[in-house]
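As recorded in Swiss-Prot, the features of this protein are as follows:
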BINDING   Thr29, Leu30, Gly31, Pro32, Asp86, Gly87, Thr88, Thr89, Thr90, Gly413, Asp494  ATP binding site
Amino acid sequence: MAKQLIYSDEARKAMKSGVDKLANAVKITLGPKGRYVVLDKKFGAPTITNDGVTIAKEIELEDPFENMGAQLVKEVASKTNDIAGDGTTTATVLAQSLINEGLKNITAGANANHIKKGIEKAVAAAIDEIKKIAKQVKNKGEIAQIASISASDKEIGNLIADAMEKVGKDGVITVEEGKSSETTLDVVEGMQFDRGYSSHYFVTDTERMQAILEDPYIIITDKKISSMQEILPLLEKIIQTGKSFMIIAEDIEGEALATLVLNKIRGTLKVIAVKAPGFGDRRKEMLQDIAILTGGTVITEETGLKLDKATIDLLGQAKRIVVDKENTTIVSGLGDKKEIEARIAQIRKQIEDTKSDYDKEKLQERLAKLVGGVAVVNVGAATEVEMKTKKFKVEDALNATRAGVEEGIVAGGGVALLKTQTVLEKINAADSDEKTGIEIVLKALEGPIRMIIENAGLEASVVVDKVKNSKDTAFGYDADNNEYVDMIKAGIVDPAKVTRTALENAASIASLILTTETLVTDIPEKSPKFPGGGGMPPMPEY
């Protein structure tokens, strides 16, 4: 395949054009008065969103050289979203400013690699300062503030704060499309896994179609149970205690299932049978989680334990079990607290060590089940288009909140970035080009606050100067209410992790673009013209 190449200023100019096209589409969404972008879809209604990464992902430019620039800035938004879950628009604004200012100086003859060194020095100093000024999140009110600012909606902020309070910072909070126009929160306490009863004959509450047991024993095994003889000795021991019980096994079928159902209908046994959750190695780990949570032992031949020889002390216990057609919930397992804490610590370590996003997600789900429970935010709206828009907001707010809890919060509205300028002014540069790199970062740090104010329809320069000259690190401008305030006290905050990640990723991609000298891409193929269609020959003239 033949290639086309462009060099030096021409290459950088093409990339800059692509960067600007993407960034200009994204940055209008920044701040409380930012606007929306409508994304056309080949099928169905268009998507209306103010989520930076969602907009960036949709943009592909016709010119291949311009598209390279756009795709690199898209990478800034995607990486920031992957790490921090929010701050994608801020990252894009920072990247555009760093690239534009850097290219001006390189075109004027500055050394690109020395500028890069200056940018790296300045960004490292700014990030250290962000970490220093970060304030730890201590209460539900501060959690609500983070979520409210991210979503530009106090109702969503309060809902996420409620969810986090109920399931803890490690708990699973999922966002789903609701069935009404109201946004609601459902919390499932205890451990829940996605396996329902093996037969509807186990149901005890016919109105809700749920099977409920109080203070039951729990048999946990990785075996497939088909013969009643395998579990009969253990059942006789349980019957003597007068307690109800649940069986969690790979499968319960044939004679064993029929006998359990028959005895349940007759009232001889209070029993529920469910299949074990997960598959393969993950199933083994989940059964072990259930065993530790309930104080039981997984009955498996791998450890030399057999069902027909099992004793009562191998069984788990819980205060309550609720099983419906699709899910099983174990409430208040009676496991040893120290063992549960050790298991939690082990899973946390695995989360840190794993490099697979899928494995990390599954480990976090397991952690949440052990720690506290699962909260579901059901997003409600009048139309499907509005629901999708609102769902993006809730997901961003949830990610921002988690980031805030993790690394603390800083003054929002672009103020934290602006205030780090004082640290950058003290950096010693090796030469004039490195100093230029530091000055490029100094100017870029004003980008987000300028954009927020411009999107609110105001003149940015006056506001930026006033905020910059104040010695109070929390002093800033509330663009929503058009007034100067203490940003922390006013609840206008950003997660430190989001601010830090946005700056790191913007600087990383900007440095790559600034040190680029050649662009190589395929020569676009010209599609052949279709030959003219057949038809009648021309009629003779008379």
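Keep in mind that glycine also has a Cβ here, set from the backbone N, Cα and C atoms.
Computed from a predicted structure; not experimentally measured.
Feature map: annotations from Swiss-Prot on the structure.
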{"residue": "Thr29", "record": "ATP binding site", "Cβ within 10 Å": "21"}
{"residue": "Gly31", "record": "ATP binding site", "Cβ within 10 Å": "25"}
{"residue": "Asp86", "record": "ATP binding site", "Cβ within 10 Å": "33"}
{"residue": "Thr88", "record": "ATP binding site", "Cβ within 10 Å": "31"}
{"residue": "Thr90", "record": "ATP binding site", "Cβ within 10 Å": "29"}
{"residue": "Asp494", "record": "ATP binding site", "Cβ within 10 Å": "31"}
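According to DSSP, Asp494 (ATP binding site) sits within a strand segment.
Across the annotated binding residues for ATP (Thr29, Leu30, Gly31, Pro32, Asp86, Gly87, Thr88, Thr89, Thr90, Gly413, Asp494), the two most widely spaced Cα atoms sit 16 Å apart. Following the DSSP three-state reduction, the secondary structure of Asp86 (ATP binding site) is coil.
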